[in-house]
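K.L.:
Input: one structure, supplied below.
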Amino acid sequence: MSARIVVSGTDTGVGKTVFSAALAGALDGYYWKPVQSGLDEETDSQTVMRLSGLGAERVWPEAYRLRTPVSPHLAAELDGVTIDHRALEAPHTDRPLVIEGAGGLLVPLTRDVTYLDLMARWRLPVVLCARTALGTINHSLLSIEALRARDVAILGVSFIGEENVETEGIIIDMGRVKRLGRLSYVTPLTRATLRQAFADGFDIGDFVKERAR
């Protein structure tokens, strides 16, 4: 069976969709966003296709497509949809699969279930995407604690933003996690520039080895 990796973030807007596109492209794999909230602009799946170079056949269809760009539990209620979290099972594919969550770990899927509940059931390794800006130490360490409390394997932390040696170092040391690398902000953001930024910041081998802890 090919590797399956869950990408989550310390909060909304950290850059995990761009990171997921880079990772899925580098792995020449598949991508899946279980629940898409917000359809008026480019969806996360469309962004990944545009930036990763993966064809539509490599992007697994969303289980739920909800109109409003809010937390999935509320978006579903506004659409009159009931999310059946038990039906959300990570697909098996013939290439590595990157699964992207929504917002942070405790974003609710329903009034009773969070994304972290889903991750704990899947038992798949998680890559935590974290900013390098002010405030990220607390957010990152809380997220690491939450994953460990549910016995979810942490593949490592992927930083996104400008280099911040002290901030990155204290998160890695206090969180006792692997630093996978850092994805710099890219301007202009294109398939080619993202591919190069990922290659400069990461070792793709770290995402396919058994290193989670």
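Glycine is no exception: its Cβ is also placed from the backbone N, Cα and C atoms.
Below are the features listed in Swiss-Prot for this protein:
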- Lys33: active site (ACT_SITE)
- Gly13, Val14, Gly15, Lys16, Thr17, Val18, Glu100, Gly101, Ala102, Gly103: ATP binding site (BINDING)
- Thr17, Glu100: Mg(2+) binding site (BINDING)
- Ser37: substrate binding site (BINDING)
K.L.:
Which of Gly13, Gly15 has the fewest nearby Cβ atoms, counting only those within 10 Å, among these binding-site residues?
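P.N.:
It is Gly13 that, of the binding-site residues Gly13, Gly15, has the fewest other Cβ atoms within 10 Å.
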K.L.:
Given the binding-site residues Gly13, Gly15, Glu100, Ala102, which lie within 10 A of Lys33 (active site) by CA-CA distance?
P.N.:
Glu100, Ala102
K.L.:
Any idea what the Cα distance is from Thr17 (ATP binding site) over to Ser37 (substrate binding site), rounded to a whole Å?
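P.N.:
Taking the Cα atoms only, Thr17 (ATP binding site) lies 13 Å from Ser37 (substrate binding site).
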K.L.:
Have a look around Ser37 (substrate binding site) and count the other CB atoms within 10 A of its CB, chains all included.
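P.N.:
The answer is 26 other Cβ atoms.
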K.L.:
Using DSSP and collapsing to three states, where does Thr17 (ATP binding site) fall: helix, strand or coil?
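P.N.:
For Thr17 (ATP binding site) - judged by DSSP and reduced to three states - the answer is helix.
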K.L.:
Give the distance between the Cα atoms of Ser37 (substrate binding site) and Ala102 (ATP binding site), rounded to the nearest whole Å.
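P.N.:
Per the Cα atoms, Ser37 (substrate binding site) and Ala102 (ATP binding site) stand 9 Å apart.
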K.L.:
Excluding Gly13, Val14, Gly15, Lys16, Thr17, Val18, Glu100, Gly101, Ala102, Gly103, please set out which residues of the same chain place their CB within 8 Å of the center of the CB atoms of the ATP site, keeping sequence order.
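P.N.:
Along the chain, the qualifying residues are Val7, Ser8, Gly9, Thr12, Phe19, Ser20, Asp44, Cys129.
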K.L.:
In three-state terms from DSSP, label Ala102 (ATP binding site) for me.
P.N.:
coil
K.L.:
Could you list the residues of the same chain, at least six apart in sequence, whose Cβ is under 8 A from the Cβ of Ala102 (ATP binding site)?
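P.N.:
Looking at Cβ-Cβ distances below 8 Å from Ala102 (ATP binding site), excluding near sequence neighbours, one finds Thr12, Lys33, Val35, Ser37, Ser71, Pro72, Tyr115.
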K.L.:
Cβ distance under 8 Å to Glu100 (ATP binding site), same chain, sequence separation 6 or more: which residues?
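P.N.:
Within the chain, Glu100 (ATP binding site) has Cβ neighbours under 8 Å at Val6, Val7, Lys16, Thr17, Ser20, Tyr31, Trp32, Lys33, Asp44, Val48.
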